[in-house]
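**Student:** Have a look at the structure that comes next, please.
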Amino acid sequence: MPLLAIHSWRISWTPLLVLGYLFYLLLGAMVFQLLEKQAETHFRDQFQLEKLNFLQNYTCLDRQALEKFVQVLMEAWEKGVNPEGNSTNPSNWDFSNSFFFAGTVVTTIGYGNLSPSTVAGQIFCVFYALFGVPLNLAFLNQLGKGLNAHLLTLERWVQKPGRAQVVQTLAVAIFLSTGTLLFLVFPPLVFSYVEGWSYGEGFYFTFITLSTIGFGDYVVGTNPNKHYIPVYRSLTAIWIVFGLAWLALVFNVGADLMEKFLQLKGHKSDSSLAEGGTTKLEDEPEQRRIHIPS
């Protein structure tokens, strides 16, 4: 019976993990709604006010003509054409930009600011992603194994006799710090300088890109008022690939630590229940013992 009791009272962390996951999503939804909804309403009202002012300043236009022009601007933006500037703007489909787009397809970032507009391009994109996404996963997996092998080598080196735990922790911290500097700290400085963003905007773009979220609100090399070097976006695509491998390794380490933490909690709970069951088994013979008077 105690064993049955132990199994019946054993804590399962899977439902708690599911509940925690759902709670995290609900929390995010509430916070984003609280932070963004009022700002959206403000920008929407401001945009409507700007349209009214435009119609008042240019009386030769009516509302219907203005709405049609706005629709043309929206369609141009959806096709990847920046409404700013003129026809002399660089092409979105030169080799450097096409290389950058190919990288966003196979890495599943998908900023959304540029997409194929021809039927042939859309069909090719489907088959290109069909084979490219698994190829990218295999490449990142192999790259991650290489990084993990260096971590294991480093761990074996620091675990030799005579090397304290402090040295091991310091070595792993150096490895993580180096990756953080190369992929999260220094790139925003470059993007801030080239794109004219603040450092916070550059860091936001860096993390949103490497985590493959890719909203598309910030994309490098799209400002028509700036002159970029031809390989700027190609170099950015290469940085993205290696940054993805590093950040994926960090996320995997974090997930492993969380699983080990949950397993440790479950093991402690099982141990405490087992000890309680053992105590009950030891107490039962004492209760059943018959006292024979002398």
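In case you wondered, yes, glycine gets a Cβ from its N, Cα and C as well.
TrEMBL lists these features:
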type	residues	note
TRANSMEM	12-35	transmembrane segment
CARBOHYD	ASN86	N-linked glycosylation site
DOMAIN	88-145	domain 'Potassium channel'
TRANSMEM	120-140	transmembrane segment
TRANSMEM	166-190	transmembrane segment
DOMAIN	181-259	domain 'Potassium channel'
TRANSMEM	202-220	transmembrane segment
TRANSMEM	232-255	transmembrane segment
REGION	269-294	region 'Disordered'
COMPBIAS	280-294	compositional bias 'Basic and acidic residues'
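So where do these features actually land, and what's packed around them?
**Tutor:** The average per-residue pLDDT of the prediction over the domain 'Potassium channel' (181-259) is 88, rounded to a whole number.
Long-range contacts of the transmembrane segment (232-255) within its own chain (CB-CB distance under 8 A, at least 6 residues past either end) are made by residues 96-97, 99-100, 102-104, 107, 109, 139-140, 143-144, 147-148, 176, 179, 182-183, 187, 194, 206, 209-212, 220-221.
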**Student:** Can you count helix, strand and coil residues in the domain 'Potassium channel' (88-145) using DSSP?
**Tutor:** 39 helix, 0 strand, 19 coil
